[in-house]
C-alpha cells in the first residue's frame with residue numbers, strides 16, 4: 001500500500017511539473033519581480049515612517065496569523081474506488097492519514113514561521129523582543145498542531161475511517177490546485193458545479209431565444225450558472241479593482257489590473273468546449289462559425305462590463321485611454337486569434 005500511495009503522490013507531482021512552466025512564464029515572473037521590488041520598497045518605507053497609531057497594523061498581523069494557521073490540508077491521495085478495494089486495509093490507511101497530517105503540520109509550520117519571521121522588524125517596532133517573538137512562534141506551532149489534529153479527526157468516524165469525508169476532502173484539495181493552474185492554462189480534470197441562480201434570470205432574458213443565437217444562450221447560461229466561470233469573473237475583477245485602488249504607483253497598478261483582466265478573458269475561452277460532452281449539443285447540427293461568433297459576442301460583452309467597472313478607478317484620463325485600448329485589442333484582435341487556434 002505504501003508503494004500505491006507513493007506512486008499516486010509522484011503522479012500528482014508530475015502534474016505540478018507539467019503546469020508550473022505555464023505559471024512561471026517569462027512575463028509572469030517579470031511581473032512578480034517588479035511586484036516584489038515594490039513590496040520591499042513599501043516595507044522599508046513603512047519601517048522608516050512607522051505610524052503612531054499601531055492598531056491597523058496589529059489588526060492586519062492578527063488576520064495574517066489567523067490565515068497562516070489555516071494553511072495546510074491533509075494530502076491523503078484517496079480515490080473514489082478505494083472505499084471498495086482498500087476497505088480491508090482500513091487500519092493501515094488510518095495510520096497513513098495520521099502520518100500525512102504530520103507532514104502537513106511540518107510544512108505548514110515552516111511556511112507560517114518563515115512568513116512571520118520576515119515580518120519580525122514590524123513586531124520589533126511594536127515592542128516585541130526576540131525572545132517573546134520566538135516564544136510566540138512556538139505557541140503558534142502548538143496551536144497549528146491542534147488545528148491539524150482536528151483536520152485529521154474530521155476524516156475519522158467512531159468505527160474507523162470516514163470514507164466519504166476523506167474522499168471529498170482529497171477531491172477538494174486537488175481541485176483547488178487544478179483551478180489555480182487553470183488560471184494560466186487549460187487543465188484537464190477540473191470539475192464544475194452548477195447552480196440555477198434564478199435571481200440572474202433577468203440577465204438571460206436579454207438574449208433572444210432563437211436558433212440564430214442558440215449558442216449565445218447556452219454560453220450565457222453556462223457562464224452565469226457554472227461556479228467556475230462566474231466565480232472566476234468576480235474574483236479576478238475584485239483583484240483588478242484592489243490593484244487600481246490600493247497601489248499608489250500608476251504603472252504597477254495598471255499593469256497588475258490588466259494582467260488580471262487578461263487572465264480572466266483567456267480563461268473564459270474554455271467556454272467554447274463547455275458543452276462538448278453534452279449529448280444534445282452533439283446531436284444538434286454543428287455550426288462552428290456561429291458558435292465562435294456567439295462566444296466572441298459574449299466575451300466582448302463581458303469585456304465591456306469589465307471596462308465600465310474599472311475605468312472609474314484608473315485615476316486619470318491617460319490611464320483610462322490605455323485601458324480602453326487594451327480591452328479593444330484583447331476583444332477584437334487577441335480573442336478571435338486565440339479562439340481560432342482553439343478550434344483548429
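In case you wondered, yes, glycine gets a Cβ from its N, Cα and C as well.
Curation does not apply to TrEMBL; its annotations are automatic.
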Which range of 20-43, 164-187 is transmembrane segment, per TrEMBL: 20-43
Residue numbers, six or more beyond the limits of the transmembrane segment (126-147), whose CB comes under 8 Å of its CB atoms: 54, 57-58, 65, 68-70, 72, 105, 108-109, 112-113, 116-117, 120
Long-range neighbours of the transmembrane segment (254-275), counting only residues six or more past its ends (CB under 8 A): 28, 31, 34-35, 182-184, 186, 218-219, 222-223, 226, 229, 232-233, 236-237, 239-241, 243-244, 247, 281, 291-292, 295, 298-299, 302-303, 306, 310, 314, 319, 322-323, 326-327, 330-331, 335, 338-339, 342-343
For the transmembrane segment (295-311), distant same-chain residues with Cβ under 8 A (at least six beyond the ends): 215-216, 219-220, 223, 233, 237, 240-241, 244, 257, 261, 264-265, 268-269, 271-272, 320, 323-324, 327, 330-332, 335-336, 339
